[in-house]
Amino acid sequence: MSDIRIAGASVPFTKEGETVAKSVEGYVLIVLNLHPETTEDHLYDVFEEYARVMNLHLNLDKLTGYAKGYALVEFKSIEDAFEVLETHKQKKIEVLGRTIDIDFAFVDKRLNNSYRGGSRGIESSQDRDASPTRRR
C-alpha cells in the first residue's frame, strides 16, 4: 500500500488484495490530478454516467477559489464504486482534458498483515529505549 499526503493527512491507496473499508454511508473514491478549474458539476457529470453519486466533496483553495486537485466521491454500493474503477482501468476517465487518478479512499488496515495494533509497529516495550530522566 502506498500513501499520498493531502492537506497534511496521509491517504492510503489500495493495491490488489487489500480490503476496502466502508465509510458511514457508502464507499468513497478519491479522485486525483484534477484541473484547478474543475467544479462539482463537472465531476457529477462525469461520474453520474457510470453510477449514482451519493456525496461529492471538492476541496477549494480559500484564496483563489480553485480546486486543490482532488475530490472525494461517495457511492452507495461497493459495486457502483468498482464499476467506476473498472471503467477507468479500461478507458482512462478525463475531466477538463486531464486524465484523473482514482482509487478507494479508505481501506481496512486491520486486515492487512502489517497491522500490529496500537504499538505503532513496536512489538514490545523491551525494544524501546528508556525515557531520559527529567531535569529539575
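Glycine too: its Cβ is placed from the backbone N, Cα and C atoms.
Sequence annotations record features per position, and here TrEMBL assigns compositional bias 'Basic and acidic residues' to 125-136.
Model confidence over the domain 'RRM' (27-107) stands at 93, taken as the mean pLDDT rounded to a whole number. Among the features that TrEMBL reports, domain 'RRM' is placed at 27-107.
Here TrEMBL flags 117-136 as region 'Disordered'.
In the domain 'RRM' (27-107), the DSSP tally of helix, strand and coil residues is 21 helix, 32 strand, 28 coil.
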